[in-house]
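For His205, the entry in TrEMBL reads active site, proton acceptor. Positions annotated as NAD(+) binding site by TrEMBL: Gly36, Ala37, Ala38, Gly39, Gly40, Ile41, Gly42, Asp62, Asn122, Ile145, Ser146, Asn147, Met256. Positions annotated as substrate binding site by TrEMBL: Arg109, Arg115, Asn147, Arg181. What TrEMBL records for 31-173 is domain 'Lactate/malate dehydrogenase N-terminal'. The domain 'Lactate/malate dehydrogenase C-terminal' feature in TrEMBL is assigned to 175-338.
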Amino acid sequence: MFRSALVRSSASAKQSLLRRSFSSGSVPERKVAILGAAGGIGQPLALLMKLNPLVSSLSLYDIANTPGVAADVGHINTRSQVVGYMGDDNLAKALEGADLVIIPAGVPRKPGMTRDDLFNINAGIVKNLCSAIAKYCPHALVNMISNPVNSTVPIAAEIFKKAGMYDEKKLFGVTTLDVVRAKTFYAGKANVPVAEVNVPVIGGHAGVTILPLFSQATPQANLSGDVLTALTKRTQDGGTEVVEAKAGKGSATLSMAYAGALFADACLKGLNGVPDVVECSYVQSTITELPFFASKVRLGKNGVEEVLDLGPLSDFEKEGLEALKPELKSSIEKGVKFANQ
């Protein structure tokens, strides 16, 4: 009895808080489009974006099944209006007026599949979707989730350049899941509350290109070199851990949707002028000799306001940084080459 009363009072407090934030007229109208919204990541991501009070219009696009997802999610009593769009003919409508486009489209990784195997299928999908973005919502922020991100972000950049619409401040590879995993694994070993943990993750978004900077983790914990090496490896292999645990029945869809929703929320806050929004993301960058690199980025009204320096690295991290560069360089070149074929 007491618990249900508590839940009711908490729910009503939450509702009144939401009502206040809308009635004040202080929250701008924001349209978010999800491309690949009927997939394994797309569906939970659609649910999480429907719960975000910063979204006023939620556009769900896929090649099939989107009307059902939109009808389901659309019954949830939150701010945004939801519309489902299905098939190539409706892609323009899905994109028009979007402030933020999130792309989880493509096939997931299955056991034994490398990210190179993914490349051949997903690269073509990304190429087509980005051509449409350049045409129908060229000023939107683009959050790339489709793997391999190390290559799909350079593909997107090349497609936008060809269309004469490239703005490097508006293209992001979503690496938030690497940060989410690093925080979770670090908190477990350091025995600290995970909500208080911060760990920057730099480099790329696959295997050894993922480099968590545990030397900069907060709160600081005195972990041994062996533990830090194991934590780094586990963060790098997080996707494989989930693929194997699901035994051929899927990949890291739920945690990816969560991470995607976190990063999208940060982008919307930046667009709305919230100060000091800093997240790690894979963006066009000059902080290393590579043209794209993941590091801490300050988000704002134009997308990327500032790419932040890497800060001090431990010797182990310096080695990791040098070791990841050849693979990341190769993935970037592969994406550029594909886009220009």
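Even glycines carry a Cβ here, placed using N, Cα and C.
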Using other CB atoms within 10 angstroms as the count, which residue among the binding-site residues Ser146, Asn147 scores least?
Asn147
Closest by Cα to Asn147 (substrate binding site), out of the recorded positions Gly36, Gly40, His205, Met256, is His205
Which residues, sitting 6 or more apart from Gly42 (NAD(+) binding site) on the same chain, put a CB under 8 Å from its CB?
Ile34, Gly36, Leu60, Asp62, Val69, Pro104, Ala105, Ala257
Whole-number Å value of the largest CA-CA distance among Gly36, Ala37, Ala38, Gly39, Gly40, Ile41, Gly42, Asp62, Asn122, Ile145, Ser146, Asn147, Met256, listed as NAD(+)-binding:
18
Around the Cβ of Asn122 (NAD(+) binding site), the count of other Cβ atoms that are within 10 Å:
24
Whole-number Å distance between the CA of Gly40 (NAD(+) binding site) and the CA of Arg109 (substrate binding site)?
11
Can you tell me which of the recorded positions Arg109, Arg181, His205 is spatially closest to Asn122 (NAD(+) binding site)? Compare CA atoms only.
Arg109
Sequence-ordered list of residues in the chain of Ala38 (NAD(+) binding site) that lie 6 or more positions away and have a Cβ within less than 8 Å of its Cβ, or none, is Leu60, Asp62, Ala64, Asn65, Thr66, Gly68, Val69
Distance, Met256 (NAD(+) binding site) to Arg109 (substrate binding site) (CA atoms, angstrom)
13
So what's the average pLDDT for the domain 'Lactate/malate dehydrogenase N-terminal' (31-173)?
96
Which of Gly36, Gly40, all binding-site residues, has a Cβ with the fewest other Cβ atoms inside 10 Å:
Gly40
Measuring Cα to Cα, how many Å separate the residue listed as 'active site, proton acceptor' from Ser146 (NAD(+) binding site)?
11
What does the DSSP secondary structure composition of the domain 'Lactate/malate dehydrogenase N-terminal' (31-173) look like, as residue counts for helix, strand and coil?
65 helix, 28 strand, 50 coil
CA pair Arg181 (substrate binding site) / Met256 (NAD(+) binding site), Å rounded to integer, equals 10
